[in-house]
Structures are given as C-alpha cells and as structure tokens.
C-alpha cells in the first residue's frame, strides 16, 4: 500500500479504491519491480494501455456534446490538445501523483519523478485503475473535476480558436457578417489593453479585452459564444 | 429513414435505434448533404469521431481482460491489428452497411461505396450512433457478436503470435523449456501438410497442422493455449 495516496484520493476526490493491488500496480514503475524481485509486483504499463483508451473516450464524449457545432477536424485537434503528455503530466502534478510513484533507485537518481513522460503514464495508469475498480462513471466524475474545468480556465486556448467557433455557430444556417471593431485602448504604453467588440450582422454579440488585438478578439468571440449559449 | 437498415439491425443484432435522425446521420456522406441542401441533413464525420474512441476503448478493454499476461507492447499491436481501416471495412461489409450509405451522385459514380476508407468511417459512425442512442453496453454486445469472434477464427493471426503468447504464459513463474517437434509430413508433394507438437518441459501441451512448419507451430501453440485456458 502506498502511504498517503488513498487518503488524498478520499479527501480530494471522494474516491475509495476497493482493489488496493490495482492502485499499487498503477503507481509502480518497472525499475521498482526489478529491484524487488520475488514479491509478485506488477508495473503500470498494462493498466496505462487501458487508461489511455478510457481517457480518449471520456474526453471525446465530453467535447462532442459540449461543442455540438464543432466539425470533426477541430474536435480532433482539441482532443489532441487535451490528451497529450504535457497536459496529462500537469494533471498528475496537480493531483500530487508524482509523490506516490514507486521507482527504482537509478530512476530516482535520474529524476524520473519529474519527467513529463512518466507523469503522463502514471496519470493514464491511474485512470485505468480507477476504471477497472470503479467503472466509467467514477472516471467521468474525476475527469470532470480535474480536467474539464481547464477548458473554461483557458488552458487549451492556444489550440482553441473562439473566433472560428463563433463563425461556425452563427453561419450554420447561412452566411452572416462578422466584424471585430476596436472600441478603446487603455493603460500606459508598456501595459496597453485593447477593447474589442464583435458584431454579427451589425449587432454587438460580445466584448473582450486583451494585451493584443488578437487576444481581445478571441475574448470577444468567447464572450459572444457564452451569450449565445445562455440564450439557447 | 434509410429503408431496410432498421430491419437488418433488428433481425441480425436485436438492435432497435430510438433516434432515427442519429442513424441517418451516421450513414450520410457530405456529398449527399451537398446535393440535398436546405433539408437540414448532417453527415457522419462528428459521430465517427466519437465512434472511433468508443471502438478503441471496447477493444482495449476486451483484449486487456482476455490476455492477462500480454505486455503493453503486444496489446498495442494487437489493438492496431483489430482497429484499422482494413478490418473495420470488412466488418462494415459483413453487416451490409455498404448498401445503406447515402452518397452524392459523383461519389456513387466514383465507386466510393466500395472504398475501404469510407466503409471504415461508416463502421465507426455506426458505433458512435449506437453509443449515443443505446449506451456502451449495447456497443459491447454488438462488437462481441461482430468483431471478437474474429479473434478465435484467426482473422488477426498475421499480427498475432501464439508462440510468443504461449511463452509468456508458461514462463510467467520462471524459465521453462519450450520445444516444437515435427511429428509427421502428410499428403502429396504439392499439398504437403506438417504436423507439429509443442512440448513444455518435455510434456506435450498441444498439436497443430499447417502447410508450412511455421504455420503448424503457430497452430500447435494456439492449441496448447486453449488447453491451458480450459484447465484454469
């Protein structure tokens, strides 16, 4: 049993793993198994294989329903922005999973515990263990707490184009005019903020600010999308 | 409504789709939507995005449980052998899905209906529609009927190495001797059949025949695996 992990899972996520061996396996690297032979230990790779597929489905299902107008190509790109080594490693760190990985001494010395590739693997293997132990609904609950809020916090904005999304949404029943207009520039020269409004067929749908016009336009488009969704 | 499809799904798979629009979408290509504007038609690509992820999970989950000793690398390769354009196109044909695709005239003329890439897409979009309409359990039931039996029929044998699997299984608790011995050659020169037995620690575990020694050994290993699983 990995001390502290069960307590954190219970306290932070209301998760209570039944099969402790499964959780141990999910947090154990091959290097640790090699250093502790004849203990019947298993390492995380098989469970990670499963967890990877579980995450693909849970994220696909969420963005499919959340963005009902988004075409396949952009869904695929958004999923790739969410389901990758970098973001999974950051989720693993936020859940403190790095503290609980069982590593061999050599790997520990080589700072594997800080390595994105390992942290990504462990996030996936945890998801696999959670799926095996508790089923898909509990995985969805966990991911809804840990991953999906990052969409609203703008974590994937680099990959995520609100202007294109707005265009797709308002043009689904035919062509409309979309126009971004600069309303104001505020602040000192070294900290300028732009204020932009987005007009759809000459009606203001949203406003946004940003330290570049591009960023202000993205925020205006996001604001317009929120307004349109609130109207639905 | 696509005539005949609902009847086939009911007769062959005991599947009764509630949301007809979803099924129509899953079988409609963009070329057909373009030829029938202003009818509010949708094409399959978004549902296919979802169906792809559903298939990845359903197949991953099945092979993870069925081959409890198989390491991650081979699980990944086996999944790739099952989840690909070629095999999905053949499943689509076996289900007669090719007959029900709604295509534009140009695509019809270009024989798109016979194209593996389209048939693969349609198989995935059907899986996506089934998931949305009926949930994961019904998808598992369908895939258990249509896809998984192909494992036993040897459809993926080219990618699937029974000798390696046998080795992994019998060596999990330490090294053992595995030996393949030629028992017999039968038949005329132009149709020779080899008969091989596999010995594990000098005990026969299985026999197999084939038109090459390699194939006979694979069949012997498969036979041994079946015997071992029957003993469990």
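Placed from the backbone N, Cα and C atoms, the Cβ positions cover glycine too.
When A:35, A:45, A:48, A:217 are compared with the Mg(2+) site residues A:121, A:124 in TrEMBL, the one appearing in that site is A:48. Among the recorded positions A:48, A:121, A:124, the ones with a Cβ under 8 Å from a Cβ of chain B are A:48. Excluding the listed site residues A:48, A:121, A:124, the same chain places A:44, A:45, A:47, A:49, A:51, A:52, A:120, A:122, A:123, A:125, A:128 with Cβ atoms within 8 Å of the centre of the Mg(2+) site Cβ atoms.
Around the Cβ of residue A:52 (active site), the same chain contributes A:124, A:128, each under 8 angstroms and 6 or more positions distant in sequence. Following the DSSP three-state reduction, the secondary structure of residue A:52 (active site) is helix. Its Cβ placed at the centre, residue A:48 (Mg(2+) binding site) has 22 other Cβ atoms within 10 Å. Within 10 Å of the C-beta atom of residue A:124 (active site) sit 26 other C-beta atoms, taking all shown protein chains into account. Annotation note: residue A:121 (Mg(2+) binding site) sits in a helical segment as assigned by DSSP.
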